[in-house]
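Trainee: Relevant sequence annotations retrieved from TrEMBL are reproduced here:
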- 35-86: domain 'Release factor glutamine methyltransferase N-terminal' (DOMAIN)
- 116-206: domain 'Methyltransferase small' (DOMAIN)
- 131, 132, 133, 134, 135, 154, 182, 198: S-adenosyl-L-methionine binding site (BINDING)
- 198, 199, 200, 201: substrate binding site (BINDING)
Ligand code: GLN
């Protein structure tokens with residue numbers, strides 16, 4: 001039983017006595033983070049944050065209270081808020097998400113920022129996003145660079161369905177979303193100006209996978225073998241066959257993988273290799289450009 005002033009709620013019987021927005025928020029912050037509580041309440045009531053603040057003394061309907069309480073219990077169980085609401089803000093857009101896709105992270109906005117900096121608004125460039133998941137990276141790029149042509153692939157058909165839904169909902173017409181195991185179903189015709197990816201890069205034995213929100217996210221999008229480097233290695237090795245002369249590759253990677261990532265890019269013959277730090281000061285995105293002369297056989 002939870003009692004906050006005159007607000008009473010029995011978790012077992014879901015018995016309810018009327019309470020205000022402010023009271024239910026007080027009740028829930030004893031159990032979950034405030035930011036999670038307000039997002040869940042906004043979702044249930046279909047209102048924005050300023051509504052909650054300006055109507056703090058309004059009473060909740062029993063239906064809203066019941067739905068909100070059930071979501072709070074799910075959150076206590078550990079289910080990520082984005083999976084409970086089915087929504088996640090990324091960059092300046094809102095994406096639909098489900099347990100079939102990774103929840104877009106703030107640090108991945110750095111990948112988008114770096115990509116946009118390489119795509120002049122006036123040019124019509126071809127961009128490839130590998131492992132698109134919800135489509136957050138690809139669709140954000142497509143929306144911000146309407147002249148570009150974005151191809152997005154994912155192995156998971158469930159992810160493809162979500163990404164397509166998002167592209168349609170956000171009216172991104174300059175994007176093609178298709179199922180493929182990395183490059184497998186793409187023609188190696190050196191046509192992409194830019195390849196971006198936020199691949200799975202967590203080591204399979206990393207204990208973080210058993211903690212917090214990550215427990216509920218798809219393994220296929222999070223972790224891989226070779227200590228988290230298998231997909232990054234594959235993408236770096238295969239990209240040259242898909243990039244135009246001077247085309248660029250940009251990868252998100254783990255907090256401790258920038259040196260290895262730059263090393264792999266260098267070994268593959270990429271140039272202008274660099275890493276960029278995220279808001280936490282961690283090198284999070286690395287990239288480089290590939291030049292056709294790399295293909296010329298070296299004179300012994
Ligand atoms: N950055 C994510 C995390 O560790 C992982 C995302 C990924 O594997 N691409 O929570």
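Cβ from N, Cα, C; glycine included.
If you look at the structure here, what lies around each of the features I listed?
Mentor: Per DSSP, the secondary structure of the domain 'Methyltransferase small' (116-206) breaks down as 24 helix, 24 strand, 43 coil.
Proximity of residue 132 (S-adenosyl-L-methionine binding site) to non-local residues of its own chain (separation of 6 or more, Cβ distance below 8 Å) is seen for 138, 152, 153, 154, 159, 163, 177, given in sequence order.
Other C-beta atoms found within 10 angstroms of the C-beta of residue 200 (substrate binding site) number 20, with every protein chain shown included.
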Trainee: With the Cβ atom as the reference point and anything under 6 Å counting, tell me which of the binding-site residues (133, 134, 135) are near ligand 1.
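Mentor: By the Cβ criterion, which requires under 6 Å to ligand 1, there are no hits.
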Trainee: Could you measure between residue 200 (substrate binding site) and residue 131 (S-adenosyl-L-methionine binding site) for me? Cα positions, answer in whole angstrom.
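Mentor: Between the Cα atoms of residue 200 (substrate binding site) and residue 131 (S-adenosyl-L-methionine binding site), the distance comes to 8 Å.
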Trainee: For the domain 'Methyltransferase small' (116-206), what is the mean per-residue pLDDT, to the nearest integer?
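Mentor: Mean pLDDT across the domain 'Methyltransferase small' (116-206) comes out at 97.
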Trainee: Could you tell me how many residues in the domain 'Release factor glutamine methyltransferase N-terminal' (35-86) are helical, how many are strand and how many are coil under DSSP?
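Mentor: Within the domain 'Release factor glutamine methyltransferase N-terminal' (35-86) the tally stands at 38 helix, 1 strand, 13 coil.
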Trainee: Taking the center of the Cβ atoms of 198, 199, 200, 201 at the recorded substrate site, which other residues in this chain have a Cβ no more than 8 Å from that point?
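Mentor: For the substrate site, the extra neighbours are 131, 197, 202, 221, 222, 224, 231, 232, 251, 252, 253.
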Trainee: Taking the Cβ of residue 131 (S-adenosyl-L-methionine binding site) as the reference point, list residues of the same chain whose Cβ is under 8 angstroms away and which are at least six residues distant in sequence.
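Mentor: The list for residue 131 (S-adenosyl-L-methionine binding site) reads 153, 154, 155, 182, 197, 198, 199, 200, 221, 231, given in order along the sequence.
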